[in-house]
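S.K.: This is the structure I have questions about; it appears just below.
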Amino acid sequence: MITITDEMVKKALPHRDNTFDKRKNGKVLVIAGSDRYPTTGLIVGNAAMRAGAGLVTIATSTYARQIISSNLMEVMSISYEDNKELTRQIEIADTVAIGSGIDRTEFSKELLEKALNYDKKLVIDADGIFLLKNFLCKIKTKDIVITPHEGEFSNLIDLSVSVISENRQILAEDFAKKYKIKLLLKGKNTIITDGNNTFLLDKGSYKMATGGMGDCLTGIIAAMSASGISLLDAAISGAYIHSLTADVLSKNMYTVLASDIINNLPYVINDIQNGVI
């Protein structure tokens, strides 16, 4: 298992120059939120923008869209109940992030199935991971990263959290290899693997144990992926940047929120690229 370093992340980050425009910087579609969880799309979408995505569109419920439209000026939003527009947005996206706060209804199940029907890079989190159990037979030919914590992984593979805690690496590697996906198993020592290559993240603070952190991570990974790097590199870089930002903030903060990380992402990424950190 390889421990992730600053230098690894610096090499993985996309090179940008004055020829780049917002489309070259990557188009992310975020399918997130619901009437029950109306603000999750805000976190994912804002994190994606701050992590460097050029264009972000949030597909959410009609009710949640009103909240997003009045709180985040830089993103576009659509109602995912508009099937025609949702199809168009999936088709033009470089990466689709799905799952955060979509709930666990028949309709959200249909949303995940629709996303899986396209050959797009997919970042699947939260409710999307819960629903993915219905579609495991469809994912072997897809370019997917899933980002479960141990509880979500427990539901996915029908093993107790205690068993997973004691066998994190082997279980993560076995699942990734079996289904030919990338897996980021969150925890004190986050593991990222494609079944053949496994990486350890030894950063992160207990001060980041707050709501919305997983949504923030999803947005960062989606932005990295949309920029043109592989999903594995996006997961490695995204997780590292997410935790490093929390570590930097933790030096002077009692607790760290997802919004704190989002607001500081551009500075930390810039420092990594410039070799300051």
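Using the three backbone atoms N, Cα and C, a Cβ is placed for every residue, glycine included.
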S.K.: Would you identify which residue of G211, G212, G214 TrEMBL lists as part of the AMP site it also attributes to K186, G187, K188, N189, T190?
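M.R.: That AMP site, as TrEMBL gives it, pairs K186, G187, K188, N189, T190 with G214.
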S.K.: Among G101, G128, G195, G238, which residue does TrEMBL name as a further (6S)-NADPHX binder in the site formed by H149, D215?
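M.R.: Looking through G101, G128, G195, G238, the residue TrEMBL assigns to the (6S)-NADPHX site is G101.
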S.K.: Under DSSP, is G101 ((6S)-NADPHX binding site) part of a helix or a strand, or is it coil?
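M.R.: In three-state terms, G101 ((6S)-NADPHX binding site) counts as coil.
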S.K.: Nearest of the binding-site residues to K186 (AMP binding site) by CA-CA distance, picking from G101, H149, D215?
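M.R.: Considering only the listed binding-site residues, the nearest one is H149.
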S.K.: When the number of other CB atoms within 10 A of each residue's CB is tallied over all shown chains, which of the binding-site residues N189, T190 has the maximum?
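M.R.: The residue with the densest Cβ neighbourhood is T190.
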S.K.: May I ask you to report the DSSP-based helix, strand or coil state of K188 (AMP binding site)?
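M.R.: Its secondary structure by DSSP: coil.
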